Amino acid sequence: MIPNRKIQLSLFAVIIVFETLLNQVYAMELDEATRTVTLEESGKTITLTPEQVKRGKRLFNNSCAQCHNGGITKTNPNIGLDPESLSGATPVRDNIRNLIEYIKDPTSYDGATSIAELHPSIKSAEIFPKMRNLTDEDLFAIAGHILIQPKIAAEKWGGGKIYY
């Protein structure tokens, strides 16, 4: 039984190393154009570093993907994280600054009602513990991840259950 255990542990270690290398390659492969996203409503842009890209992916997967895997919204399939949905919201959520504000204190799609008690956020960190330790830098990386995904996954990002 012990040799099998060693084989299992070795295989697990190889998978972890492969996953780590794959994530590093993923972030490095993205050119500047892909890593450039809108910073604020004025249209000002910013180019994310490979480290921010990698960090955003990890944090999104840990804190957001349970409900937003692939850019969908499991609780409301009509509103996803695709560019069209983000730009149609009030205020628009198609830039880093506004996405950060939304993650801190989410509102309904029309911006009229707080949904902090229903949607994980910094404001509702007591209810949603995964949000508890996220810093502004973490939120910046998560917002960046959301905004570069349409450039990487194209129509699959926010495309709904036909893809996921």
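The backbone N, Cα and C atoms fix where each Cβ goes, glycine too.
Database features, via Swiss-Prot:
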type    : residues                    : note
BINDING : Cys64, Cys67, His68, Met131 : heme c binding site
SIGNAL  : 1-27                        : signal peptide
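Structural mapping of features recorded in Swiss-Prot.
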residue : record              : contacts (Cβ under 8 Å, 6+ apart)
Cys64   : heme c binding site : Pro120, Ile142
Cys67   : heme c binding site : Thr73, Lys74, Thr75, Pro120
His68   : heme c binding site : Phe60, Lys74, Gly80, Leu81
Met131  : heme c binding site : Ser63, Ile103, Pro120, Ser121, Ile122, Ser124, Ala125
Residues within 8 Å of the Cys64, Cys67, His68, Met131 Cβ centre (excluding the heme c site residues themselves): Phe60, Ser63, Ala65, Gln66, Pro120, Lys130
Greatest inter-residue Cα distance in Å for the heme c-binding set Cys64, Cys67, His68, Met131: 15
